[in-house]
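Pulled from Swiss-Prot, these are the features on record:
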type     : residues                     : note
DNA_BIND : 16-55                        : DNA-binding region
BINDING  : G90, I91, G92, N93, L94, G95 : NAD(+) binding site
Amino acid sequence: MKSEHIPKATIKRLAMYVQVLETLKREGSQVVSSELLARTCSVNPSQIRKDLAYFGEFGVRGVGYHVQDLIYSIKHSLGVDRVWKCALVGIGNLGKALLRHQDFKFRGFDIVGAFDCDPFKIGEEISGLEVVCTRRLKDAVKELGIEIGLITTPVNRAQRATNFLIEAGVKGIINYSPAMLTVPPDVYVEYVDFFHHFYSVAFSITLDRHQDRMGGDEDD
């Protein structure tokens with residue numbers, strides 16, 4: 001890796017490249033050009049080359065990228081060429097939906113523990129996992145080798161869930177709640193806010209309509 005400082009936007013694009021490459025692989029493609037990959041991902045070919053350059057040299061001039069090799073190289077560079085064991089805390093509607101989502105394991109993230117503090121939910125079985133009391137999280141993290149925690153609790157319980165995860169030794173947290181979490185410097189948090197995407201789409205539509213109106217005014 002040429003640089004330890006890699007923009008988060010680059011990491012997100014690399015994840016998108018892997019998703020597209022895996023689709024191409026399933027369709028039987030063995031080689032892909034930077035132009036086709038860029039077009040499919042809605043980015044410039046130069047952006048793809050720049051993103052990949054953080055991790056070394058890829059592809060053959062005039063030939064393109066070998067799909068399987070590039071999938072492996074990106075996954076290896078991102079540390080997702082292995083299985084990461086995860087715990088999910090908060091068994092509401094969103095938590096249950098994530099537990100039933102088959103793509104997690106396919107992508108290398110295996111949710112092996114489900115936790116909640118509600119006695120009415122403890123003992124419930126979802127997708128083969130029994131919901132366990134949050135207070136047992138520390139033992140479960142050690143026994144199951146859990147490294148990543150997913151928080152899907154109500155906002156007023158998110159920090160408490162975070163504290164349980166940190167005390168258990170978890171170093172990576174994906175927070176699906178609206179809460180802004182307080183964590184030590186060595187704990188990494190990613191916030192998943194679905195409304196960011198709604199805002200982005202709404203802005204794009206609004207901007208297009210505004211430009212259409214401006215164009216119509218100029219024609220007059």
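Here, residue 1 is simply the first one shown, and the rest follow in order.
Backbone N, Cα and C atoms are what each Cβ position is placed from, and that goes for glycine too.
Sitting within 8 Å of the Cβ centre of G90, I91, G92, N93, L94, G95, and not among those site residues for NAD(+), are the Cβ atoms of K96, A97, L98, T152, T153. Neighbour counts were taken at the CB atom with a 10 A radius for the binding-site residues I91, L94; the maximum falls on I91.
If you average pLDDT over the DNA-binding region (16-55) in this model, you get 92.
Note on G92 (NAD(+) binding site): other Cβ atoms within 10 Å of its Cβ, all shown chains, come to 14. For the DNA-binding region (16-55), residue counts in helix, strand and coil come to 28 helix, 2 strand, 10 coil, using DSSP. For N93 (NAD(+) binding site), the number of other Cβ atoms no farther than 10 Å from its own Cβ, over all displayed protein chains, is 8.
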